[in-house]
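As recorded in TrEMBL:
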type	residues	note
DOMAIN	1-186	domain 'Plant heme peroxidase family profile'
DISULFID	C4-C84	disulfide bond
SITE	R31	site 'Transition state stabilizer'
ACT_SITE	H35	active site, proton acceptor
BINDING	D36, V39, G41, D43, S45, E57	Ca(2+) 1 binding site
DISULFID	C37-C42	disulfide bond
BINDING	P131	substrate binding site
BINDING	H161	heme b binding site
BINDING	T162	Ca(2+) 2 binding site
Amino acid sequence: METCPSLTRIVRSNILSAIANDSRIAASLLRLHFHDCFVNGCDGSVLLDDTDTLKGEKNALPNQNSLRGFDVIDKIKSDLESACPSTVSCADILTLAARDAIYLSKGPFWAVPLGRRDSTTANESEANNLPSPFEPLENITAKFVSKGLEKKDVAVLSGAHTFGFAQCVLFKSRLFDFGGSGPVNT
């Protein structure tokens, strides 16, 4: 922040504006950050577009028509480039945006160490291996543990990115017995 004194103000004002326009954007930014960090670490690789020589993560199956908030990150980056050119990485912007989205939605605040470098590569195959809400819990847990996370992180992170909103299609099969084979799933 020493090299960009307006960093916090710019990020926070953009997040406040985004939340005012779309109450679900806070959860979307947290989910975007999670999808970035789970693949190759918090390096901004999820933000990279496909090129002739790079297959990005945006179009990996778990991310197709699913990730939101790219426009918010782009706006913050544009504002920061005007105030502090070539100073703040997209990886740091995404991390700060997710933190501030949670904080401004009455969630906790935590310190964010800065200095991440933006990735110049992406890993679509690893992005295709993101935990799915349709997988058995054992598979999801194994994916988290393989990243150095604990079992409790499965519950915290799986639920956190949907705070305030969840798509019924993702859990209705666990609530209702549409096949008529017996009682409601438990």
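Here the Cβ of each residue, glycine as well, is placed from N, Cα and C on the backbone.
TrEMBL labels come from automatic prediction, so no person has curated them.
In the three-state DSSP classification, D36 (Ca(2+) 1 binding site) falls within a helix. Long-range Cβ contacts of H35 (active site, proton acceptor) within its own chain (separation 6+, distance under 8 Å): V46, E57, P62, N63, L67, A127, L130.
Within the set of recorded positions C4, R31, P131, the entry lying nearest in space to V39 (Ca(2+) 1 binding site) is P131 (CA atoms). Non-local neighbourhood of S45 (Ca(2+) 1 binding site): D36, V39, G56, E57, S119, T121, A122, N123, each in the same chain, at least six residues away, with C-beta under 8 Å from its C-beta. Using CA atoms as reference points, the recorded positions R31, G41, C42 were checked against P131 (substrate binding site), and the closest is R31.
Taking the recorded positions C4, V39, C42 in turn, the residue surrounded by the fewest other Cβ atoms inside 10 Å of its Cβ turns out to be C4. The Cα of C37 (disulfide bond) lies closest to that of D43, out of the recorded positions C4, R31, D43, C84.
For the recorded positions R31, G41, C42, D43, a Cα to Cα distance of within 10 angstroms from C84 (disulfide bond) holds for none. In the structure shown, the C-beta of P131 has more C-beta neighbours within 10 angstroms than that of any other entry among the binding-site residues G41, P131. Set side by side, the disulfide-bonded residues C37, C84 differ in how many other CB atoms lie within 10 angstroms of their CB, and the most is found at C37. Fewest Cβ neighbours within 10 Å among the binding-site residues D36, D43, E57: this applies to D43. Annotated Ca(2+) 1 site D36, V39, G41, D43, S45, E57; additional same-chain residues within 8 Å of its Cβ mean position, judged by their own Cβ, are H35, C37, F38, N40, C42, G44, V46, S119, A122, N123, A127.
Taking Cα separation as the measure, C4 (disulfide bond) is nearest to C42 of the recorded positions R31, G41, C42.
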